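Input: a single structure, listed below in structure tokens.
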Amino acid sequence: MLTKFQNHINQNLPFLKGKKLLLAISGGIDSMVLLHLCHQLKLDVRVAHCNFQLRGDESDEDEKFVKYQCEMIDVLLFVNRFDTKKFAEKQKLSIQVVARNLRYEWFNSLLINNDYDYILTAHHLDDSLETFLINFTRGSGLDGLTGIPQQNGNIVRPLLPFSRNEIETFAKENNVEWREDSSNASDKYLRNKLRHDVIPILKELNPSLLDSFENTVSSLQQAKSLVSDASQMVYKQVVSEEDTIKIDISKLLKFQNHKAYLYQWLSEYGFTDWDAVYDLIEAQSGKQVFSETHILLKDRNHLILFPKQNDSEPIHFWIKKEQKEVKFPLKMAFCSVEDISVQATNTIFVDEDKLQFPLEIRKWQEGDWFYPHGMNGKKKLSKFFKDEKFSLLDKSSTWLLCSENQIVWVIGKRQDERFKVVETTIKILKINYTA
């Protein structure tokens, strides 16, 4: 296997030679074989180990084992301990999704901070087959049926041509030590159930299953490339990208396979109920479909995609009197001036003596009202939005500047009449907002 691995690197991954490589090592058999092979080929490697603290003492023993193995061959080791369950609860995501996000965010930070070139993971051919079957059973397009890619940006999977059986044989013949993950024995997860129950039957029916799978994936990858090219051509005609992804429904419907294009464009955002996504085309304005991370909104003649707001983030932000600027959640500047220059939608001038500090920046709420500048009397904010023809997305992204919960400014839209500069004003405060 060492010779086959070396030939694979030389022929298919020659760019790895001479580069600074970061190996993702869990301590399991696959990653330990990857470490052994890279060390044997004298590649420039260092190791990153994630302790997700999900299996108690077993997770800590994995960490100790990886430390020991790296010390034995004098390889630099990075370890990060994550409170994965806490992150999952806070972000309202599954353990698996959070663990994956934490892992790759940390790996990428190591690459950037240390000027490393590539992350190497130990995914192999059986992993790719399992991923194919998982996506097949859940319902998938071409993206999910092309297996695990050999390279995805700076992530490279050099063991992908090798089977689990080849890796196990090599480990035993070369005395490679590894740790067993007890969760791999459980059929609680779909991947394990496929591994233990389904794939053995498929291999019994076709002893050359993995070879057949490789050939199938190769054909599907070529088809995927053709589809991707066609999809990009339509995307440029139908979709606009500013702060959000905005799909023009009338333009989309000119294409016969409009559902296929929607799937191609939106599948990476975690949507699973595709009938609900397709139904948005004919739905009333305001209808929404949710994934774990994003919202797809029907707004008149458009479908608008935007990320979910993290509920754990504070809703209220405070501005002290001495502050000259804030950078979050909006970029705003505050300065005293002698007179009023020409006003613009991103700038207001207020009577500073009428303000009660600290000022507050917050999202609008049902029941909010203010006195729109240039109008007589007060108006509910919801009525103001309707009169000004705000879209649902406009409303959801509107921020307010408040003084003792009185609206000073619907930021970027309309100032409140109560705080305007008058003849008796002594102190003028200029407030500027930068989009």
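Cβ from N, Cα, C; glycine included.
Heads up, TrEMBL stuff is auto-annotated, nobody curated it.
Since the structure is predicted, the reported quantities are computational estimates derived from the model, not experimental observations.
For Ser26, Gly27, Gly28, Ile29, Asp30, Ser31, the entry in TrEMBL reads ATP binding site. The domain 'Lysidine-tRNA(Ile) synthetase C-terminal' annotation in TrEMBL covers 359-431.
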Helix, strand and coil residue totals from DSSP for the domain 'Lysidine-tRNA(Ile) synthetase C-terminal' (359-431) stand at 15 helix, 28 strand, 30 coil
Across all protein chains shown, the one of the binding-site residues Gly27, Gly28 with the most other Cβ atoms within 10 Å of its Cβ is Gly27
Surrounding the recorded ATP site, with Cβ no more than 8 Å from the Cβ centroid of Ser26, Gly27, Gly28, Ile29, Asp30, Ser31 and those residues left out, we find Ile25, Met32, Val33, Ala122, Trp178, Arg179, Asp181
